[in-house]
Amino acid sequence: MQTLAQHLTSQAVNDSLSQLILTLADTSKAISHAVRHGALAGVLGATEQENVQGETQKKLDIITNDMLKDALKADGTVRGLASEEEDHVVEVSTNGQYLVCFDPLDGSSNIDINSLVGTIFSILPASAGELTETSFLQSGRNQLAAGYVLYGPSTMLALTTGQGVQLFTLHPETNEFLLTNAAMSISADTQEFAINMSNQRFWEAPMQTYIADLLLGKIGPREKSFNMRWIAAMVGDVHRVLSRGGIFTYPTDNKDPKKPYKLRLMYEANPMAFLVEQAGGKASTGYETILDIQPTHIHQRVAVILGSANEVDACLSYHGLDYSEEPGLD
């Protein structure tokens, strides 16, 4: 089996980008270690602090954020970083070539119940000149690499550098990420969907109708039965989609009119959309392809519909859109 470093060499990824990806992977090993120690290390539970999103921070949110910041500052290739847990972008090095956006611990509300969590990251090119928030406001099409690390029964890294999606598994003895799936592929059709049904009454009418038709199964207009899955961590739900197909959505809702969207564009939706498209799927807000969005601020939120291409098309048809001719992967 190829190691991560060997794989990057085989794909002719340039040295500086390879170094950065390896730094993120090595840091994820340390995060995996911290997550596995859990209550034994006293890292469970919440703090009294809130992040810029107004969300109460878990202890591990802060710990993992600091681990990634320290590693990226020492790497030498990073110009600046943006994190879910940072109010503003952070300047790292005036000589860095890359910008890194990340969610250090996606699904951290699952920590106290020992369920799935993960790290999501996106790598963008850095431009010359002063580093500001505007430096980061690039469409998802500009991503040079993206991926996530899933901390589950085994620790797995899903990665794309624009050459498909590869899956690596952390070997528990050698502590090396080894290539275990060289070409992840999302089936075009599916009978699984993932959505937070508790928000149903707050969704827009097109999404309410779409889900109602799925629940009708064989007796409804879709003429087939669907199963629902929900992990309450985007990283876990998207991993399932990449592994066996499906559709994952966190749609627009009016539960809080000031916050109609849940997921963050720069460090959740964009990297996941890049992975999904590279695996043959599609990713949309319901009205716009995620990777084509021009960001307006670093913590911008968007609606997300992603997964099996034909099912995403079916969902979009309820929104009055026809994306059937738009390829998910060139």
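All positions are counted from 1 along the displayed chain.
Keep in mind that glycine also has a Cβ here, set from the backbone N, Cα and C atoms.
What you see is a predicted model, and the numbers here were worked out from it, not measured in a lab.
If you look up Swiss-Prot, you'll see Glu84, Asp103, Leu105 marked as Mg(2+) 1 binding site. Sequence annotations record features per position, and here Swiss-Prot assigns Mg(2+) 2 binding site to Asp103, Asp106, Glu268 based on sequence analysis. Per Swiss-Prot, the feature substrate binding site maps to Asp106, Gly107, Ser108, Ser109, Asn196, Lys262; the stated evidence is sequence analysis.
Where Swiss-Prot records a feature, it is marked here on the structure.
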residue	record	DSSP class
Glu84	Mg(2+) 1 binding site	coil
Asp103	Mg(2+) 1 binding site	strand
Ser108	substrate binding site	helix
Asn196	substrate binding site	coil
Lys262	substrate binding site	coil
Glu268	Mg(2+) 2 binding site	helix
Which residues of the same chain, at least 6 positions away in sequence, have a Cβ lying under 8 Å from the Cβ of Lys262 (substrate binding site)?
Tyr250, Asp253, Arg301
How big is the gap, in Å, between the Cα of Glu268 (Mg(2+) 2 binding site) and that of Leu105 (Mg(2+) 1 binding site), rounded to a whole number?
11
Return the residues near Gly107 (substrate binding site), defined as same-chain residues 6+ apart in sequence whose C-beta is under 8 angstroms from its C-beta, sorted by sequence, else 'none'.
Ser115, Leu116, Val117, Gly118, Ile231, Ala232, Ala233, Met234, Val235, Gly236
Packing count at Glu268 (Mg(2+) 2 binding site) (other Cβ atoms within 10 Å of its Cβ):
26
Around the Cβ of Ser108 (substrate binding site), the count of other Cβ atoms that are within 10 Å:
24
Report the residues of the chain - excluding Asp103, Asp106, Glu268 - with C-beta within 8 Å of the mean position of the site's C-beta atoms, for the recorded Mg(2+) 2 site, in sequence order.
Glu84, Phe102, Gly107, Gly118, Thr119, Ile120, Tyr148, Met234, Val235, Leu263, Arg264, Tyr267
Using a 10 Å radius around its CB, how many other CB atoms surround Leu105 (Mg(2+) 1 binding site)?
31
Including all protein chains displayed, how many Cβ atoms other than that of Asp106 (Mg(2+) 2 binding site) lie within 10 Å of its Cβ?
29
Can you check which residue among the binding-site residues Ser109, Asn196 has the largest number of Cβ atoms within 10 Å of its own?
Ser109
Residue among binding-site residues Glu84, Asp103 with least C-beta crowding, 10 angstrom cut-off:
Glu84
Determine which residues of the same chain, besides Glu84, Asp103, Leu105, have their CB within 8 A of the center of the CB atoms at the recorded Mg(2+) 1 site, and list them by sequence.
Asp61, Thr64, Asn65, Ser83, Glu85, Phe102, Pro104, Asp106, Ser108, Thr119, Ile120, Tyr267
Whole-number answer please: how many Å between the C-alpha atoms of Leu105 (Mg(2+) 1 binding site) and Asn196 (substrate binding site)?
20
What is the nearest of the binding-site residues Asp106, Ser108, Ser109, Asn196 to Glu84 (Mg(2+) 1 binding site), using the Cα of each?
Asp106
